[in-house]
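Working notes, structure below.
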């Protein structure tokens, strides 16, 4: 049985996850750039925001960024693995379950960065679980 739709949705979701992971990775790495250090120096002179609060917020954003990047990379790997399993038509049930788990993982742990890939994974996972091979009599 051909599973072209599931494969295409899985691959598109994996590509979008990969792009989001790259964007989050570079965005988080840019938090240590010269521009951020200049902004930090300006914030130190501003009396309305305490320095400790600014440092805490900056470190929290960096840690959250790395966590989101890791979840997106894991989601990409799950999507690619499921697409390969679907391509070989070895275990569509396992692929469907993996895609649904990957969709939940990406949706809940990426704070909105992975909504579209999660939706694509969910659709592909449901399709691979619901579609039955034709019965040949």
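Cβ coordinates come from backbone N, Cα and C, glycine included.
TrEMBL entries are annotated by machine, without manual review.
The domain 'DUF4064' annotation in TrEMBL covers 2-109.
Among the features that TrEMBL reports, transmembrane segment is placed at 7-30 (among others).
Sequence annotations record features per position, and here TrEMBL assigns transmembrane segment to 63-84 (among others). Outside the transmembrane segment (63-84), and at least 6 residues removed from its termini, the chain residues within Cβ reach (under 8 Å) are 6-7, 10-11, 13-14, 17-18, 20-21, 24-25, 27-28, 31, 95-96, 98-99, 101-102, 105-106, 109-111, 113-114, 117-118, 121, 124-125, 128.
According to TrEMBL, the feature transmembrane segment maps to 96-124 (among others).
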DSSP helix/strand/coil residue counts for the domain 'DUF4064' (2-109): 96 helix, 0 strand, 12 coil
